[in-house]
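Asker: Just passing along the structure, written as C-alpha cells.
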Amino acid sequence: MKPDGPRQQIQPASLSRNLSRSDDDDDQNPNPNPNPPSIDQSLDAIENQLSSISMFQPDSLSEPRMESEELVNGSFDEIEELPAKPAGVEEEEKLKASSSRVWTNASEMEEVESPSSPSSSGYAGERGSSATSGIDNGDFDRVPDSLVPWTPGKRHGDEDDASISWRKRKKHFFILSHSGKPIYSRYGDEHKLAGFSATLQAIISFVENGGDHVKLVRAGKHQVVFLVKGPIYLVCISCTEEPYESLRGQLELLHGQMVLILTKSVNRCFEKNPKFDMTPLLGGTDVVFSSLIHSFSWNPATFLHAYTCLPLAYATRQAAGAILQDVADSGVLFAILMCRHKVISLVGAQKESLHPDDMLLLSNFVMSSESFRTSESFSPICLPRYNPMAFLFAYVHYLDVDTYLILLTTSSDAFYRLKDCRIRIETVLLKSNVLVEVQKSMLEGGMHVEDLSIDSASRSGPVSPHSSQSRLATDSTERLRDAFNGVGGPAGLWHFMYRSIYLNQYVSSEFSSTINSTQQQKKLYRAYLKLYASMHKKGIGPDKTQFRRDENYVMLCWVTQDFELYAAFDPLADKALAIKVCNRVCQWVKDVENEIFLLGASPFSW
Amino acid sequence: MPSRRRTLLKVIILGDSGVGKTSLMNQYVNKKFTNQYKATIGADFLTKEVQFEDRLFTLQIWDTAGQERFQSLGVAFYRGADCCVLCYDVNVMKSFDNLNNWREEFLIQASPSDPENFPFVVLGNKIDVDGGNSRVVSEKKARAWCASKGNIPYFETSAKDGTNVEEAFQCIAKNALKTGEEEELYLPDTIDVASSSQQRSTGCEC
C-alpha cells in the first residue's frame, strides 16, 4: 500500500493560495450544509471545511486508485507523513533533527562487526557467531503465525539466532542488561541468544561512547528500534512496517511491564553490581510479556493511551461504582472492576489518579497470569506512572470467568481486610444483577457500524445498545447502507475508534463482517497505527483532519481538543458521504456516552 | 526467563592482535582451527553451554579485537564482565609485556567492585609453533608475573592442536562462577500513604 500513485500534497508555503483554492472549490462542494441545526456546530464547521477541499479523483477505476490527502483544519499545513518518500529518508531527517545517530545503511554496522558474514573473523564455526545477520536477511519469508490462534507463553523456545525460523519471525522483542546479558526474548532461548544480546549491547554502547544515542537502524525491510532505560536496554526488530513512534511506544510499555513486576529499584542493583542478573527475579513472567506483545496487534489501548469500558446501562455502572466507592473510602487506594480488558467501573481514593497505561499493564499482568484465576491473590505490583520506585499491593479476585476485581492498597497486611471488602462488593454486585448484565453485554458486543443510521433528522443510532429498545427500531429509518453496495455501516463504514480526550477513554466499534479475520483486524490496526502516528507528530495544531485513500481503506481521522475519531471505510467510499458518516458517528457516541463511558466521579485528574 | 535457574557468565578475551584469541575461542566452542588469519573487527560473540558441578551455565564470550584502534570500545565491552582472559603469544615478547597494560586498562574501564580479587586467567598461546624452538617467554617468567598479580591462574595453550584449551576454559568458568555467587539485595520500597502524593512522579502528562 505504497501510495506512490497520484496523490495530492499540499505544502505550507502559501496560505493565500490555499485559501483561494478553497474558495474555488466551494461550488464543487457536493454537500454544502447537510446538517440540520440540531447537530453540533463544530461538527458542521469541520464538515464544511472538509468538503470544501478539492479531491483528486482518479480518471478511471482501472487505474490503481491511490491518493493521500492531509489537511489541517481549513488552512493547509505541513504534511506530516510523506509515504512517497523512499524508506529511510523520513526517519533520517527526523533523527538528524534530534541530534541522534541513525544508521540507514546496514553496512555502517560493520564498524562494530560485519553483519552478513559470520566467518569474518576467522571462525569456521557454524553457529553462535556474529548475529547481526538476523536483521540483514533480505530474502525474508513470512511465517504465518497469524493463522494460528494465539497461545500464551513462550513460543519457539528452542530457537536461536542461527535458526532459519527465528530469523523469519516478523517481530522480535529483546530486553537485555547494559552489560549485554539477555533478560527476555520474545522468541528463542535467552541463553542461546547471549551472543546476539551482546551484539545489541555492543551497538548501543558503541554509539553511546561517541556521546550519542542510537534510536533506529533500518536494514532493508527491517527496523531495529532501541530504547535505553538506565541499565535496561530494550530492542524491537520488526518488518511489519509499523511507524518508528509506534514501535518505540511498544518498547516503553514493555519496560513499564517490567517495572510493574519489579519496580525501578532494580536499577540500584545494577549500579552496585553491573554483573547483576535480574532473570531470577522475573522468573515465570514470560507469559506476561508475551501477552503484552500480543496485545500490540489487537488492543488499541496500547497506542491510544486510553482505556475502554464495557457498554452497560448507566444505572448498572452506577451501582457498581457506588459499592467500589464505598470500599475506596475505607482505605483502598484504587478499586477496579474489569471484564477482560474492559472497565466496568473504577474509583480511586481522594485526589489519586490512575494512568490508562498503568491500567493496561495491570490488567495484562492479571489476565496473563494463570494463578490469579484459580484463587484470590495478594501480590506486590508497581504502577510505573504512579510511582515507579515503590510497590503497592494488589488484591485480585475473579468473580466469574471474565470478570475480576482489583483492590490496590499500600499496606502489606491488608489481605484479610480486602478479602472482606471483596465479599461485600461481590454480594452487592450479585444482588444488583451487575454480573448478569456484564455477561449480557459481553455477548451483545458494543457499537455495531451496521446500526448507524444516516438519517440526520432522527438520532444517529440506536438509542442504546443496552436499553430495552431493539436495534430493529432503526430499520425503519433511512439507511444509506442500502444505497451503497457494500457491507458494513453506511457509506462503506467498516470500523471506527473514538477517543474522548478529557475522559481518557476510547470506544471501538465491533468489527464489521468485512474485517472478520484476525489477519484483517491486525492489518487494520497497523493502518490505524500509521494514521495515529502521522496525527501525533510534534508541531501541529490541535485541530486537524486527515483523509487518506489507498487500495485497502479509506481512512478518516479527525482530532479536536475534545476527541479523536479514527474511521476506516471501504476503499471505494465516497469522500463527502464518509465525512457525513463520521459526523453521525460522533453524534451517536454522544447519544450513548452514558453507556459506553465511565462518567463523573472519575479518578482521572486531568 | 527460564524457570530453571541458569547462570550466564560474561567472559572478555583480551590481548595483542594476532596472539590467537579468536582461534582459542574457536577451538573451544567449535573444535576447529584454521591457519588463516583474519583480524577481528570490533568484537565477536560466542556462546557455549557448560556443565560444572551439576549446574548448567552459559558462557557469553566476548572476543575483542586486539588492534589499538578498537580500544575506544572499552567501557561498553567490559561492563559487567564475570571474568577476563588475558592472552599472549609465547613467541612474541611484546605481547607478554603488554599483559600488564591490558590488565590495567580492563580494571580502569570495567571498574569492578573488588579489583584486587577480580578473576583473571592468563593464557600463553601458540606453544606448538616450531616445536617450541621459537619461544621467547619462558613458563617460569609468565608464572612469576601471574603470581605477582594475585595468583592469576596460568595455562599454556595451543589453539591449533587444542592443548589445554578445554582445561583453561573450565578454569575460566569456575573463576567467573565463584565471584558470580554473591547475590545483590533487591529491596524495593513500598508506598507510604502519607507521602505518596508527593512522591508521585510522572502522573499526568496525557
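Using the three backbone atoms N, Cα and C, a Cβ is placed for every residue, glycine included.
Pulled these features from TrEMBL for this protein:
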- A:48-60: compositional bias 'Polar residues' (COMPBIAS)
- A:97-106: compositional bias 'Polar residues' (COMPBIAS)
- A:171-292: domain 'FUZ/MON1/HPS1 first Longin' (DOMAIN)
- A:331-424: domain 'FUZ/MON1/HPS1 second Longin' (DOMAIN)
- A:492-592: domain 'FUZ/MON1/HPS1 third Longin' (DOMAIN)
- A:1-162: region 'Disordered' (REGION)
- A:455-475: region 'Disordered' (REGION)
Asker: Could you put numbers on the helix, strand and coil content of the domain 'FUZ/MON1/HPS1 second Longin' (A:331-424), residue by residue per DSSP?
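Answerer: Here the numbers are 27 helix, 34 strand, 33 coil.
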Asker: Can you tell me the mean pLDDT for the domain 'FUZ/MON1/HPS1 second Longin' (A:331-424)?
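Answerer: Within the domain 'FUZ/MON1/HPS1 second Longin' (A:331-424), the model's average pLDDT equals 94.
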Asker: Quick check on the domain 'FUZ/MON1/HPS1 third Longin' (A:492-592): DSSP residue counts for helix, strand, coil, in that order please.
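Answerer: Summed over the domain 'FUZ/MON1/HPS1 third Longin' (A:492-592), the classes give 39 helix, 31 strand, 31 coil.
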Asker: When DSSP states are grouped into helix, strand and coil, how many residues of the domain 'FUZ/MON1/HPS1 first Longin' (A:171-292) land in each?
Answerer: 49 helix, 33 strand, 40 coil
